[in-house]
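Colleague: The transmembrane segment annotation in Swiss-Prot covers 24-43, 48-67, 104-126, 136-158, 169-191, 201-223, 235-257, 272-294, 301-318, 328-350.
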Amino acid sequence: MSDRTEQVATSDIPRPTQNLRTRVVSYFPGLAVAVLIAISAQFLSEHYGAPATLMALLLGMSLNFLSESGARTVPGIHFASRAVLRFGVALLGARVSLEVLSDLGVSLLCLVTTALACTILFAIIVGKFAGMDWRLSLLTGGAVAICGASAAVALNAVLPPRQNSDRDLALTIVAITLLSTSAMVLYPVLASHLQFDAKESGVFIGGTIHDVAQVVGAGFAMSEETGQIATLVKIVRVSLLAPTIIAVLIMVTVLGAGAGQKPQKLGQVIPGFVLGFAFLAALKSMGFLPAAAGDVANDLSRWLLLIALGAVGLKTSVKEFASIRPSHVTLALLATAFLAAFIVVGLLWYRG
């Protein structure tokens, strides 16, 4: 085979040995498309109230043809869906502070923490009975239990690669976003029906709704006190993203990611973005991260994740969704219902 033939047969993704200028030129078209999708998604979110993450995915999926083999945009799309995503996840650490845990109280903190762990375990068990890949079940359970799209992106980045992982991530985010939007409308009504007081309503809203913005919307729609408590509880759930990622990472590296994969030493395989996440979380928790720097990191993380999700959408074909089994969406719905029921029962028991 000639050098020319070999060159044509290689991947659209640039080799690591290529110089920086060649990489930048190669990445630019696809990366520019992903950035434009993120800007458009944010515009739709600000002017029409649509969830930005969902808009980024749907806009990307509508332009899926740009990720077809041979297109000039392929290298940049791949870069955005991997490298940009991981950098955005690392910056999520600036949102995590262990200080908020002490403000909630031991009993309610135990309730929220136990609900998170049990929801993930519930999703894995139900997924196993439904014949689903355990990684997809864990991804779905983690997204429901912790913080929606951000948790899904972070967990997907540390889970072992699998076929159609980008498609599964996209579908998970779509399902979680729609469920969270429904919960924002229905859960305040349910809290009132159960005669929860402001504190109980705040714990219920913050402990069950997936997306941060929707927690804030539902909480403050009930009352100022409920909104503040709901936001605090949601921050606690976000804070638990770090130990969850570490636990998953230990599981897939020390115990082995699956059949045929040998266990590895944890120190050999911890991704740099996980270390960055942990480092920023530690700085935030110890008070060493200035508020201004934290705000910049939060904003940058949000934009990077929007860009990455736009790229994930670009790599996801609408036709592929036809091959999705209903069990995936059903699992997200069941996990959401389980989390809500767990928190309700816990609050009723806590009440006395």
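Cβ coordinates are placed from backbone N, Cα and C, and glycine is handled just like the others.
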Colleague: Taking 136-158, 169-191, 272-294, 301-318, 328-350 as candidates, which has the most Cβ pairs under 8 Å with the transmembrane segment (48-67)?
Modeller: 301-318
Colleague: Return yes if the transmembrane segment (201-223) and the transmembrane segment (104-126) have at least 3 CB pairs under 8 Å (sequence gap of 6 or more), otherwise no.
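Modeller: Between the transmembrane segment (201-223) and the transmembrane segment (104-126), contact is present.
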Colleague: Give me the stretch from 104-126, 136-158, 235-257, 301-318 with the greatest number of Cβ pairs under 8 Å to the transmembrane segment (328-350).
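Modeller: Going through each listed stretch, the top one turns out to be 104-126.
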